[in-house]
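Residues or ranges marked as carbamoyl phosphate binding site in TrEMBL: B:R59, B:T60, B:R109, B:H137, B:Q140, B:G265, B:P266. What TrEMBL lists as L-aspartate binding site is B:K87, B:R170, B:R224. Taken from TrEMBL, the feature domain 'Aspartate/ornithine carbamoyltransferase carbamoyl-P binding' covers B:8-150. The domain 'Aspartate/ornithine carbamoyltransferase Asp/Orn-binding' annotation in TrEMBL covers B:157-302.
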Amino acid sequence: MTPEQDSETSMSQKVLLNATEINIALHRLSCQLIENHDTFENTVLIGIQPRGIFLAERLKDVLQKEYKIKKVQLGYLDITFYRDDFRRSGKPLEANTTKIDFIVEDKKVVFIDDVLYTGRSIRSALTAIQSFGRPLEIELLTLIDRRFSRHLPIQPDYRGRQVDAINYEKVKVCWKENDGEDAVYLIEK
Amino acid sequence: MKELSVNHLLGIKYITKEDIQLIFETADHFKEVINRPIKKVPSLRDITIANLFFENSTRTRLSFELAEKRLSADVINFSAASSSVKKGETLIDTVNNILSMKVDMVVMRHPNPGAGVFLSKHINSSIINAGDGAHEHPTQALLDCFSIREKLGKVAGKKVVIVGDILHSRVALSNIFALQKLGAKVKVCGPKTLIPKYIEKLGVEVEGNLIKALEWCDVANMLRVQNERMDISYFPTTREYAQQFGLTKKILDSLNKEIVVMHPGPINRGVEITSDVADSKQAIILDQVQNGVAIRMAVIYLLASKIKHHED
């Protein structure tokens, strides 16, 4: 990890969103969710492991504290065993924890991830969630939507910011609780 | 990213402590998977696994088959009783014939110690040893240690006594290796005739008295008396064995602490443990069976991830 991190910081990086902008986006996304899901009585949020869970926790926080939604159900979904690049990626796929303590059958499910890129993770998540039942409907919320990079016909229902990035660039979302700051960077790999 | 240091699971002897920990972490995830409404993941949908059983087995074979199916692998089964082995075919010929049907992984049980190691030198597929004679039974040891970790929080520092027929037991040998690698202390207990004479070289203490052994331990792993492997008489009668080395509820209740009771199955009720012990809260025998599927899924998944993908 260390040499990779070193080289990342030494390479050129551009701030796409700063902490204030992320905060504004979180509030807007929360309001958009409330427009469609009202009291969240029949809605559950699913953070996609490993990086979607931070955004999901933040949104839950904003919904409960700022907009007084009484109960927001949040689960974590790990998609490792459903990925389509097993034995193809050159490196082993390491799993993360799945934690869904509620029934998804007949619920409105909102998938939450930090960056939407090729769409393959979301394809895997769509398969994975079926193991827990048949949701009424599934929506997708991402903080960053990378345009023109999709491999599959998958689009977000809620997006924080749309970004044009080329293939050798990487979008990195940092969270205070994990990375020490709230920021979104565009990094040249 | 972590991966196993080996391409086969031939025995606990050949893997590292880090390998065991990686298998446990992966098995934690699979244990969650097999408790979902739909207990299947698609990871291994382009992998074919052959289960080659040259010796009888019920639970190990079912456990492997279930693990393979829950990972979406294609499975073919073979048992020596109904095959050309009886017509004189050699092991390598039998396996090569099966592998020519594009099989990626072999799970093998064989009566001869070292059969898996031998095979690994002659074929390219990934091999999992499901028991080779009185040598090793690695997945059993992994699921035993995983069950101890689940019940007591960790394996390191725990005292485990393995009771019974150590001489004929591949479960005992694999367990000794695994427990020691994970930092547990191990004693064995049983009739002198069923304790191998070199056992102390493995750093294992021998205790002839069951009560003393139980007073010492946190976990008692009660092995089955393997009558089918005993070519001569190792103890006078089963009744005498049960009196000296059988675990009863009375003994269990007389101890000054609560110990965990394990058994690899199948149980001879009334011989190595009585029915009320087997069915008591302290026994984790059925947890062991459930963990067996999760452990085998983890082993198969981790080994399969090392098989390179080729566009045929």
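Including glycine, each Cβ sits where the backbone N, Cα and C put it.
TrEMBL annotations: computationally assigned, not manually curated.
What TrEMBL annotates, mapped onto the structure for a quick look.
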residue	record	CB count, 10 Å
B:R59	carbamoyl phosphate binding site	14
B:T60	carbamoyl phosphate binding site	23
B:K87	L-aspartate binding site	6
B:R109	carbamoyl phosphate binding site	26
B:H137	carbamoyl phosphate binding site	26
B:Q140	carbamoyl phosphate binding site	27
B:R170	L-aspartate binding site	23
B:R224	L-aspartate binding site	19
B:G265	carbamoyl phosphate binding site	17
B:P266	carbamoyl phosphate binding site	9
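In terms of Cα distance, the binding-site residues that sit within 10 Å of B:G265 (carbamoyl phosphate binding site) are B:R224, chosen from B:K87, B:R170, B:R224. Cα spacing between B:H137 (carbamoyl phosphate binding site) and B:K87 (L-aspartate binding site): 28 Å, rounded to the nearest whole number. B:R224 (L-aspartate binding site) sits 7 Å from B:P266 (carbamoyl phosphate binding site), taking the Cα positions as reference. On the backbone, the CA of B:R59 (carbamoyl phosphate binding site) and the CA of B:K87 (L-aspartate binding site) stand 27 Å apart. Cα-Cα distance from B:T60 (carbamoyl phosphate binding site) to B:R170 (L-aspartate binding site): 13 Å (rounded to the nearest whole number).
In this structure, the CA atom of B:R170 (L-aspartate binding site) is 12 Å away from the CA atom of B:R109 (carbamoyl phosphate binding site). Closest by Cα distance to B:K87 (L-aspartate binding site), from the binding-site residues B:R109, B:Q140, B:P266, is B:R109. Following the DSSP three-state reduction, the secondary structure of B:R224 (L-aspartate binding site) is coil.
Averaged across the domain 'Aspartate/ornithine carbamoyltransferase Asp/Orn-binding' (B:157-302), the predicted model reaches a pLDDT of 93.
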